[in-house]
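> I have a structure here, written as structure tokens, and I will follow up with some questions on it.
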């Protein structure tokens, strides 16, 4: 080395490598050739692992579901608030509509088609919960944007069945006392449970079966003790017509609830539920309007308000408008309960409210309230409380399972992150080692040629 240095002048601009020595450089392995010959390069992480990390990233999930958040999930923000609001609408609408309907017939109102028409004629009020969230920028989904021809057809057909149900209810309510008709409707729970098992595969538990048995027993006790519970001017034949019309309305509504639950399984937002409800009630209104046309139409309403209704025209229209608003609250609350929970839960909640209708009928109209009705009311409340307790235990178990699922997902994500970090670390180490070895070979080759 010393001889080599002495032969090289300090001021020389001669390159370290002679042109004649360039052929040696072609024989020096490069980084890529060394890597391929000595050891295969580590493979990049599989695409499934990358996609799994991306989908499990909370930020990615938020962006993915921000526009299509499933509002019927119990973990969704505002789920409990929406559930309480719908039950309040159901509670107020059911009691008020039953009392106002009876008030209409007590004061000489006689048109059952008018009573049927007011149950669904308030469908324009549903435009408020449909367009208000979009107008307030709470959602970017445009109203009616996901409506398909199939959903439209189903809504129309279900709406016609709902119109028939409304007519049967009006027919029965025109003859029976409010307390009798209200508790009689609770018989639909048995059929609601049967249809729910068949249509939506409802699981039968002790809490829901116990509730159905208790509420049905209260209806049977009412029927056995209501032989003399009818107005003085009502014949026995008309009383039984009203009795079976009310039972028929309950059966039809028992079928309506699970059918709607099966349809709502494909719906993810409350606004779309209200859109379907709007179409259904429009169809029911059309059916009631046709019935009114055959029975005299709007002229009958005008005649009733001027000459038949004994409280005057102004009070007549107040009662009609009040019926329109309260029935909309009732149906909106029912649809919301079915969407957020299940058809069986919606039916049980409605049946429990019927007990309050009994108290309302006794307090407002002086309906008789003997021992049989008292026992029926107690059984109704007992059954509802047992079901609510069962729902509470179920929701508690679901929260525990959901927490365990989140823990498992986080563990999987952490393991995959550690694996990716290990792969990156190995890649960096291999690259550094390869660069050092290539540099060492280059220097060694140059020095050997120099010597």
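Yeah, the Cβs are placed from backbone N, Cα and C, and that goes for glycine too.
Remember, TrEMBL labels are computer predictions, not curated facts.
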> Looking at 59-77, 78-96, 97-115, 401-419, I want to know which stretch TrEMBL calls transmembrane segment.
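Going through 59-77, 78-96, 97-115, 401-419 one by one, TrEMBL gives transmembrane segment for 78-96.
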> Using a Cβ-Cβ cut-off of under 8 Å, list the residues of the same chain that are 6+ residues beyond the ends of the transmembrane segment (239-257) and lie near it.
158, 161-162, 164-165, 168-169, 171-176, 181, 184-192, 195-196, 223, 230, 334, 338, 343-344, 346-347
> Do the transmembrane segment (315-340) and the transmembrane segment (116-135) share at least 3 Cβ pairs under 8 Å, sequence separation 6 or more?
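Taking Cβ pairs at least 6 residues apart, the transmembrane segment (116-135) and the transmembrane segment (315-340) are in contact, with 3 or more under 8 Å.
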> Within this structure, do the transmembrane segment (116-135) and the transmembrane segment (278-295) have 3 or more Cβ pairs under 8 angstroms, counting pairs 6 or more apart in sequence?
yes
